[in-house]
Amino acid sequence: MIIDLTEIQDIHFFFRLEFFKEIYEILWVFVPILIFIVGITISVLAIVWLEREISAGIQQRIGPEYTGPFGVLQALADGTKLLFKENLIPSRGDIRLFSFGPAISVISIILSYSVIPFGYNFVLSDLNIGVFLWIAISSIAPIGLLMSGYGSNNKYSFLGGLRAAAQSISYEIPLTLCVLSISLLSNSLSTVDIVDAQSKYGFWGWNLWRQPMGFLVFLISSLAECERLPFDLPEAEEELIAGYQTEYSGIKFGLFYVASYLNLLVSSLFVTVLYLGGSNISIPYIFVSNFFEINKTYGVFVTIIGIFITLVKTFLFIFVSITTRWTLPRLRIDQLLNLGWKFLLPISLGNLLLTTSSQLFSL
């Protein structure tokens, strides 16, 4: 059998085309991940700038204004400074625990973003147990803080790590019970299904109106999980210098700084998804469909609008969190634990029982 030169060239071209197609499919998998990383980075920088401007307004001072227009590049300048600072390690500390602690805290929080629906069909992984995966992953972060405190070989750092673990356990349980109530109302543990269940009646279909007590408990528990004032006992300056961060410097200290704002952002996003309708607009779907032709496959414009609505609701909660931080005093450790175990836990349990009863009677 004789094969001429043209056929050989066609075969080589076909194999080359298939190779480039496989490379393109592999690279396309990383495009959504890259978009999420860039979006999260910009959001964290925006939150840092907002916090500095809001705190300056509350305290009647100017705030950052020289680094970029209106001081928007101040957070970037601070991050660059931390990147080039010397990375100090305690001579008598556990180097492995000391080094892995910040990384575990940051990675566990970043993984939580994988189940958040930012818009229609704009979610990294739509899992059937999305909200439980978030709770499971977020519970790993205090382990990193405890490792950091123990590995520092410093009494203030160790006490800060113990406080972080105790605080996380105290407020993780009420938060989980509130998520269970939302899952019962939506008949699903998927974040996408929970958002869809709130879309039928627009503004009045939000879980905020059906679960007002659960919303308040979830709000307080989220602030406590973020370890922000009035719940920043693990890093109380007057008592523990900087808590588990005391011995850290350079990029490792920067990781804790980033983890704090990443946690605030992910908590705000879950408040939006679980209680504020996610990416849904406030107009009921029935009324919108009468005026606009809505296809099953939404376009890019609808996705962008959904992302914009999600971010607006999220930054509204972030504004409340920042204002709370700069207006309320810090709780004592006994007040913190009493609030979690004696008030929020019974309220969340009662809310879960009421939700279960209403769902059973509605069958």
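Using N, Cα and C of the backbone, Cβ positions are placed for all residues, glycine too.
According to Swiss-Prot, the transmembrane segment annotation covers 28-48, 98-118, 129-149, 253-273, 300-320, 336-356, on the basis of sequence analysis.
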Compare 28-48, 253-273, 300-320 by their Cβ pairs under 8 Å to the transmembrane segment (98-118) and return the stretch that comes out on top.
253-273
Applying the under-8 angstroms CB criterion, which one of 129-149, 253-273, 300-320 scores highest with the transmembrane segment (28-48)?
253-273
